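Quick look at what TrEMBL annotates:
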DOMAIN    424-598  domain 'DNA mismatch repair proteins mutS family'
TRANSMEM  31-49  transmembrane segment
TRANSMEM  55-74  transmembrane segment
TRANSMEM  214-234  transmembrane segment
TRANSMEM  240-258  transmembrane segment
TRANSMEM  325-347  transmembrane segment
Amino acid sequence: MSESRKQLFTDRALQFGQQEKKASGKSSTVSWLRLGVFMAGVAVAYHFFNSGQNAYGILSILGFYILFTVVLRWHARLDFKYKQLQLTRKLNEEENARLQGKLTAFDGGDDFINAQHAYTSDLDIFGQNSLFQLVNRSVTSIGKYKLAGWLQQAAPAIEIKQRQEAVAELATESKLDWLQYFLALPRHYKHTLKPADTFINWFRNHSFYPKYGWLKVLLFILPVLTIGAIILWAYGFSGYIPTAFILVQFILAYRFAVQRDEYYENSISIYEAMRSYTLQLKQIEHHTFTSPRLQQLQADLHQHQRIKASVAINKLANIIDFFSWRLSTLMAFFLNSILMWDFYWIYRLETWKAKHLEQVESALVVLAEFEALASIAAFQHAHPQYAIPELSEQPFEFRAQQLAHPLIFSVSAVANDFEMQGAGKTMVVTGSNMSGKTTFLRTIGINMVLAFTGAPACATRLKVAPAQVYTAMRTVDNLAENTSSFYAELKRLRMLLELTELGQPVFYLLDEILKGTNSRDRHLGAMTLIRQLHQRHTSGLISTHDLELGAMEEELPDSVKNYSFNSTITGNEINFDYKLTPGICRSFNASKLMQLMGIAIEEQV
């Protein structure tokens, strides 16, 4: 199935590439036309003014200005279309790269890496070669934060089902053009890691004119007086009056420089994002959806009936755009000495805040969810062979057919069937070195994360009960905290025990626990932990080299089951089938591996 998807994305990339070339040609032609109109306007105006026909000269300037504006907007539309086709082509090329496991170029969500999290570090949710790189298609901060939040916290069952329905709609072939158009739109702009709600929270808690009400009066009087005085000066009146007015404005600008800069820096930081959000929200506002969740999100955008959310955000972007004219030092001096420019646009920002802040805040919540759903939908469309997880009401039920790891892209990747059910169950997985037992635990964990996010799972069928996933796999020492790897592992296990006391179902995945101590203490500690977890009615899997741990199946026959991964040795070759087998591991390869590495171990006869 992945081959057919690769061909689909290749064909689409070629299709959009051809359209891109045509659009580029049109855009280039109109660009030259724009230059021609400008040059013609200059020539015609010069001719009329040079021949003393000033009236015609003025009319020609007005006429060519209108014509130039029309051509300019025409070119802007063509250029946008060209860039949109280019970005959509790149989207399809990226889809192919993901299918081939080439994830390096994609954002790994490094900002969300947290070694203390219940499972994200052990399951490669973020970072290089991570699930986030595989699933995320968003370039905006709100989209990334929303998806990252979903990957870090299992949703309630009803929420998962709503997401699955929404994703199913967006992932259909009939919605593919809309989906990719929507995902390409924000790529026209540069997005910072600073989330929009940071600006919104700052904006809500900062007000300028309530503190300096007298400035609002001057704002509408002083520029008029200044311009009037300049006009009178041009007709021969004293220049002291306009100079005095200009000096007053200059002093005011200097006095409130810190406040002006603060408003500007905070607003300009989200300017590009606001342009992006405007386009994305328009797509949502004008499209027809059928799934209940998408319809509800769309309805949430329309709860403010005065103007659409996209219009409100576009107003903010326009205000910030005018505010940014201050970037030129000469222009800033001119505008703030005559028109109180910064003060005016701060006033416009605060007026906008009073009318639209709450509306836009709720709209961005909707947009963030749409982006997260769109990412999952693109992931689902790229993997139609993946199963839509069924949610079970039976405690700790996990039934999978042909379960595989989504980050293993080899065509020879081995899938396994596996099932378990009931509280207080422990599956002990033994195996020889490199046989796949740790990868199997990660396979279960990462597919549970996908399921609880609302995404498809890498299996032909998966039925799973919602639970808190918890892992202890990659415990390492921490020199800064003076913590050994063994103590770090003990802290992880303590966190697990504390989590089981909260009353929620916890599904644990523990790899080679207590490996930092002697074999006797490790065995005793592992057995005690299994009994304790059994008593707390929580379930999960433990991988180990400790074959004696398998004896617990006899002690707790209804609660502990043994599984294993095995290998075979032929001459100097070690072969793995990576197939899960009931029972304790019966094949060992550590001695052979050490021999192959040059350690002189004598074979036992």
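Backbone N, Cα and C atoms are what each Cβ position is placed from, and that goes for glycine too.
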Whether the transmembrane segment (325-347) meets the transmembrane segment (214-234): three or more C-beta pairs under 8 angstroms: yes
What mean pLDDT does the predicted model reach across the domain 'DNA mismatch repair proteins mutS family' (424-598)? 83
Cβ contacts under 8 Å made by the transmembrane segment (55-74) with residues that lie 6+ beyond its boundaries: 30, 33-34, 37-38, 40-41, 44-45, 48-49
